[in-house]
Amino acid sequence: MSSHPPAPRKHVTIHELRRMKESGERIAMVTAYDATAARLVAVAGVDAVLVGDSLGMAVQGHESTLPVTLDQMVYHSAMVRRGLARGDGRAHLVTDMSFGSYQASADEAVKAAMRLVAEGGAEAVKLEGGAEFGEVIRRIVRAGVPVMGHIGLTPQSVHKMGGYVVQGKDSEKAQQILRDARALEAAGCYALVLECIPSELARIVTSQLRIPTIGIGAGPHCDGQVLVLNDLLGLDASFTPRFVKRFGEVGAAVQDAVGAYVGEVKARAFPDDAHSFHSSSVRLVPVERHAEAAEEEPPDAIGAPI
């Protein structure tokens, strides 16, 4: 039996993702929004982490992703980068470009993408939209930033689409999604998210592209899958999209744990002796002296804030 420790797993790059597609190895991707979650998913063995603008709904409590700002994406991306470094450092980090950060002009898009890399620690950025963003993608890629595309249901266009509904169900719309996929590959995207499209369409798109496809609500035929971490953990029992499988009931576990804590505090059972500090050399001040000292304090001295 060898005494040598196992070799560290290689960092997942855009080239490794392409190799995984070519070899048939599925890509496992999840979202993360802070350092703690990033460390946990890294240790669990994910191939890629997405700092999604879904944080607007999953973390900030908004009803859509639209209010999320570029500054917030930079902030959360930097946290996730630090968390991944505390894990095994293997996962590929992609950060969403927020609504309004790339739609107005290619110049603004390049500047926003560079911020996400330089300040947020991202290795790549993801943006939503089809062939109409081809020039924006080309400009970002020429600036040295890899781009992951995103077509199908694009949450930043929720009002245009009339809600969060499956896309590409009729022949004409399916053909448009296929045309968009080819255009994004030609523009330089290294991977493509397919969201909420029929499984049959996702299979065709995946077979016709050289770049990896990563599905969410797009069936089993994509080269990889991505889920919102909060959804797969079951953090919100009231919100479970049809395409989500809950791999845990963490929300219920959190409620049980906090409920137990509240109960023990109310019952004066916590903290007990095992969770308290002791010292035999502490010099106690008599109550009388403490009261006299308090009377001598200036009337506006109310103590240090907590």
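Note: Cβ is positioned from N, Cα and C throughout, glycine not excepted.
What you are looking at is a predicted structure, and each value in this text was computed from that prediction instead of being measured.
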Which residue of ASP34, ASP96, ASP107 does Swiss-Prot report at the same Mg(2+) site as ASP53, GLU128?
ASP96
Starting from the Cβ centroid of ASP53, ASP96, GLU128, the recorded Mg(2+) site, name every other residue in that chain with its Cβ within 8 Å, sequence order please.
GLY52, SER54, THR65, VAL68, MET97, SER98, PHE99, LYS126, LEU127, HIS150, PRO155, GLN156
Considering the binding-site residues ASP53, LYS126, which residue's Cβ sits among the greatest number of other Cβ atoms within 10 Å?
ASP53
Separation of alpha carbons, GLU195 (active site, proton acceptor) and GLU128 (Mg(2+) binding site) (Å):
10
